[in-house]
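Annotated features, as they stand in TrEMBL:
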- Cys139-Cys321: disulfide bond (DISULFID)
- 138-394: domain 'Olfactomedin-like' (DOMAIN)
- 1-18: signal peptide (SIGNAL)
Amino acid sequence: MKPVFVLFVTTAWTLTGAQYYYQGLMDYLDNRLLAIEDRMQLWHDQSRRYHTELLNLKKLTAEAMDGLRNDHGAIFEDLKGAGVRVDRVEREMDYVETQTSPRACANRADKVVEQEAWGLHESRGEEDWEELQSMVSDCVEIISGIRSVKILKRVGSPKGMWTRDQRSSKVYVFNGTSGDTVHQFDSVRDFSRSPDDTGSRVIRLPSDWTSPGSAVYDGYLYYIQQEEDMDVQVVKYDLMSRSLTDIAIFPVESQASVYSLNPEVVADLAADDEGLWLLYAMSDSEPNINLAKMDPATLDIEQIWDTRCPRENAEAAFVICGTVYVVYNTRLASRSRIQCLFDVNEMVISEEAPLIYFPRRYGAHASLKYNPEEKQLYGWDDGYQIIYRLTMKRKLLV
């Protein structure tokens, strides 16, 4: 009986231990569930609070946005009014500039012509008078202002060039910064009436022109040709016979641009009353624009000058009566202005010249070409073809 009693006691002890173990486990699980419930309740309370805060934030944001919209409308109206006033001021400035004589054009020039020339005519012989009359009738003019602006049309790329032959009414359009074709129109009127380049006579050149730096002079087209890693070449093309006449190699650095705001212009040809000119930079480290006088018949270089006009922030240039006018702007296009000039005849210096602003239009000039017969500039501004009519004054005679 004793072994059976011991077995019973052992079994009862084991069952009692298991009961205590499971009871402890249940108590532990109950505690954990209560803790989870507390945490869920806390999360629920926090979520409700966050939701309320988000609703309040949304309401405040909506009110702030309404206020910003109202402020934006008011600011927009103020800016519109300011823009109208700025345009009015610019028009008044343009008018004042056209009415104001430049400092470089003093009355001394008129006095020389009116007094000294006529006095010499009375005191000297007929031969001396003819010589003096020839001297006075030479090209001695300087820009005094921009009389009017005519926006002809918009056709082609943002950059390009157009010009009119001095000895004919034909207009030549160079669309883009390179190509082998030129569009010829019989007149400015025909060009203005054409919706694009249709209706033009297409001239296909024997080689590509590079950059909007070409010039038409005395029935010939002069354009810049530049092959990769090669010297810059000036090509002379006969517009009448449609044939290549001559090529001249100009030893300048192929990557050196004339104007920092138009880096594709490695050389710029210009024509005026005194002949053919070439604007260039010898190297990329050269700070100033150089000028060369070319023989239009042989393309020989007759003389070279350092204009002392910086390339930095320059966008274009043109030549009138042997005087280089360099037009400057900013990286973010603003009002173009003639800020530097160089006279090969040393009759006027840059410090004495007027600061002339172009009426603000669209962007920056890709090219400016002067026609001495009309005293007009043909400009290409962000794809717009513009004509600037100039007012001139006599240079200061020294």
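Any Cβ shown, glycine's included, is placed from N, Cα and C.
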Proximal but sequence-remote residues of the same chain as Cys139 (disulfide bond) (Cβ under 8 Å, at least 6 apart): Asp272, Asp273, Glu274, Cys321, Gly322, Pro372
Cys321 (disulfide bond) CB neighbourhood, other CB atoms within 10 A: 23
Arithmetic mean of per-residue pLDDT over the domain 'Olfactomedin-like' (138-394): 88
